[in-house]
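Among the features that TrEMBL reports, domain 'S-locus glycoprotein' is placed at 106-170. Positions annotated as domain 'Apple' by TrEMBL: 195-260.
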Amino acid sequence: LTNSRGRVLWQSFDHPTDTVVMSQSFTSGMNLTSGPYVFAVDRSGNLTLNWASAGAAPVTYFNKGYNNSFTAKKTVTLTMQTNGIVSLNDGSLVNPVVVAYSSNYAESGDMLRFLRLDSDGNFRAYSAARGSGTATEQWSAVADQCQVFGYCGNMGVCSYNRTSPVCGCPSRNFELIDASNPRSGCKRKTELQNCPGNSTMLQLDNTQFLTYPPEIAIEQFYVGITACRLNCLAARSCVGATALSDGSGLCWLKVSNFVSAYQSASLPSTSFVKVCFPGVPNPPVSTTNAWSPGTSGLHG
């Protein structure tokens, strides 16, 4: 929008929603949003991805700096260049800082390129042949989709069915909130305060409850696996726990009201979820659908 003198009063490029196109300047102080997810660049040149939902504290699940020379006193600009380079500059650098090269970097052809915060919480670079109407992913900020906080909703467990992320519930003590949308999360069949008897801790092998700032400051402890499980069982506010078996001795006691989990055969960790007794594990691993959430490594 311009005034009678041609001065720009408002332009959409200054108020992006979820997308940054070629040569558009996305600066520190701006946000991209998609559902509960927010992408931003701070004045130190850090790219951040945050999850924020009503009634829960925001969680930063991606925070990466690309240059330590930014002074935090200037405006930092993120740009998708026409050759497929995603770059940062604060106006003082001779050459921009490269954040990422698109997979088809510098390839010839008439194409459109853009960056987008997708509804699954990942920030990606895309390209599309002009007029094709079809865009192809060329880079993603979070290489492992299951590391995106909240991808499978509250109490949901993310894993992979071959190469695609899939969502399920921790055990048969839970059910999907919306069976037609596995990403909606899971709910307890019986709430902990309504347990007819005692509660118990159900073991989830090779599973982590994702713990990022600021949660990590209050949920991280150094104890063994048995103490990790028992401390959560004894704590009224604790709904789950993760004991890492990577030599760090770390234990995460989940006391937040939104819990996001990741299950993979490669994860060096054991988790426990608090449920009403008796804990009812999911069916064992099948040879055709190994390590899909809710079908593996869960023990009572």
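Each Cβ is built from the backbone N, Cα and C atoms, and glycine gets one as well.
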Please work out the helix, strand and coil residue numbers for the domain 'Apple' (195-260) from the DSSP assignment.
14 helix, 24 strand, 28 coil
In DSSP terms, the domain 'S-locus glycoprotein' (106-170) comprises 3 helix, 30 strand, 32 coil
